[in-house]
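These features come from TrEMBL:
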DOMAIN    41-467  domain 'Major facilitator superfamily (MFS) profile'
TRANSMEM  43-66  transmembrane segment
TRANSMEM  86-106  transmembrane segment
TRANSMEM  118-138  transmembrane segment
TRANSMEM  144-164  transmembrane segment
TRANSMEM  176-194  transmembrane segment
TRANSMEM  200-217  transmembrane segment
TRANSMEM  277-304  transmembrane segment
TRANSMEM  310-332  transmembrane segment
TRANSMEM  344-365  transmembrane segment
TRANSMEM  377-401  transmembrane segment
TRANSMEM  413-433  transmembrane segment
TRANSMEM  445-463  transmembrane segment
Amino acid sequence: MAIEDNGNVHGDATIPLLEEGKNIGDEENGYTDEETSGKPSLWMVYLSTFVAVCGSFAFGSCAGYSSPTQTAITKDLSLSLAEYSVFGSILTFGAMIGAITSGPIADFIGRKGAMRTATGFCVAGWLAIFFAKGALSLDIGRLATGYGMGVFSYVVPVFIAEIAPKNLRGALTTANQLMICCAVSVAFIIGTVLTWRTLALTGLIPCAILLFGLFFIPESPRWLAKIGHEKEFEAALQDLRGKGADISEEAAEIRDYIETLERLPKAKMLDLFQRRYLRSVIIGVGLMVFQQFGGINGICFYLSNIFESAGVSPSIATITYAIIQVPITALNTTVIDKAGRKPLLLVSSTGLVLACILSGTSFYLKDHNLAPSSVPILAVTGILMYIGSFSAGMGAVPWVVMSEIFPINIKGIAGSLATLVNWFGAWAVSYTFNFLMSWSSYGTFIIYAAINAVAIVFVITVVPETKGRTLEQIQAAINA
């Protein structure tokens, strides 16, 4: 999905391997096509990415809201634990609805239109929470912010991938996950000093920046080409590559690819299971399954409980979570286009397996009253290693790959399916986590270790490397 090259794309369909090799070599030596064609300028790509990831920050603000506000909201509005649990979990249902509709909305009114829609729901949701006098308006507000999150989770990585030069696509798309992590951490930290109503108002800040910023950035050129807006397509691509850049080859490649796809019938859900698309669907959906069912949401939502049951202060849990997650995700943005997607996924999954084994061992020792002094150290090491490993690859890379592999004629429907599977997994894992822990605390972590081990096999055997290739090259190779 990412727009390809800084100045022009040497991606002629007749010689993709030769050209691809040339581009990768140039990039590894520090040269890009922009440096040899006209006057390159990436400032519009960076500005557009910044505006789009305000949506990611809005997403993170929604996700991080319920944890620091539980005590205050329950007390002020006299909510029962069950009522607050509904408030906490209804976010995921809103996100599932957002995920189902995100692809069709982004295909119908454009990537910018979808971001405006998501922002509108988030603003309405935060205001409903701010003015809430009881459980009903709280839940309506939470459902609305959840819907916005579901749309953002699809459209932000897709938009960034469609505007970015191929040698920056991984790093810029990873910024989506980085901003989510930053927003969750900010909500955790400022939630300790602000009232819950004031914290709800802070959620409006990224929404305001996003709505304002959308007036100054171009629409995705690929989407404009797909709907036949030829003049706007060329103008948007020229804006993104710089006024002096030669965009003729890149524009021709995008046009050729879209013309090929337009000859195919309009995709429906069942078409995703045709042989020509099946591999990209298996890759996109499979990565989302492993990302969520490896246990991340159960562990994050109940971090304090896990630390407490291992005999460690819960306040340490929240602080260390924020301290570890943000820098590692930030580091990811610098290495993803050099190291590649597959190595990061493999390192991440291996770390997750080891972390789950460590955590499981600590609970096994605790349950059997063995080596009690080792239990807290093993538990803390295991959980922190888990968060670090997840942030190193499994957190961001599935979204990057999802944004790259689907051909534009199925991108809306396939992206919606992958995003829906992700949100369903988030709900299922967070819902079952406490039940699993009460069944067997160490058994829970062994199950997650096994799922992450299967993920390693999946990445090795099924997932292609996509770094340094244009979207058209990636999609042609996968769906050949």
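Positions of Cβ are set from backbone N, Cα and C atoms, glycine also.
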Other parts of the chain folded back onto the transmembrane segment (118-138), taken as Cβ under 8 Å at six or more residues beyond its ends: 55, 58, 62, 65, 73, 77, 79, 83, 86-87, 98, 144-149, 151-152, 155, 197, 200-201, 203-204, 207, 210-211
Of 43-66, 144-164, 310-332, whichever stretch has the most CB pairs under 8 A to the transmembrane segment (344-365): 310-332
Listed stretch, out of 43-66, 144-164, 277-304, that has the most CB pairs under 8 angstroms to the transmembrane segment (176-194): 43-66
Stretch among 43-66, 144-164, 413-433 sharing the most Cβ pairs under 8 Å with the transmembrane segment (377-401): 144-164
Result, the transmembrane segment (200-217) in contact with the transmembrane segment (277-304) (3+ CB pairs under 8 Å): no
Annotated stretches the transmembrane segment (413-433) and the transmembrane segment (86-106) touching (3 or more Cβ pairs under 8 Å): yes
Sequence-remote partners of the transmembrane segment (200-217) [C-beta within less than 8 Å, at least six residues beyond its ends]: 44, 47-48, 50-52, 54-55, 57-58, 61-62, 65, 112, 115-116, 119, 122-123, 126-127, 129-130, 141, 145, 183, 187, 190, 194
Mean of the pLDDT scores, which run from 0 to 100, over the domain 'Major facilitator superfamily (MFS) profile' (41-467): 89
Folded-back contacts onto the transmembrane segment (43-66), same chain, C-beta under 8 angstroms, at least six residues removed: 87-88, 91, 115, 118-119, 122, 125, 129, 142, 145-146, 148-149, 152-153, 155-156, 159-160, 163-165, 168, 172, 175-188, 191, 199-200, 202-203, 206-207, 209-210, 213-214, 216-218, 239-240, 242
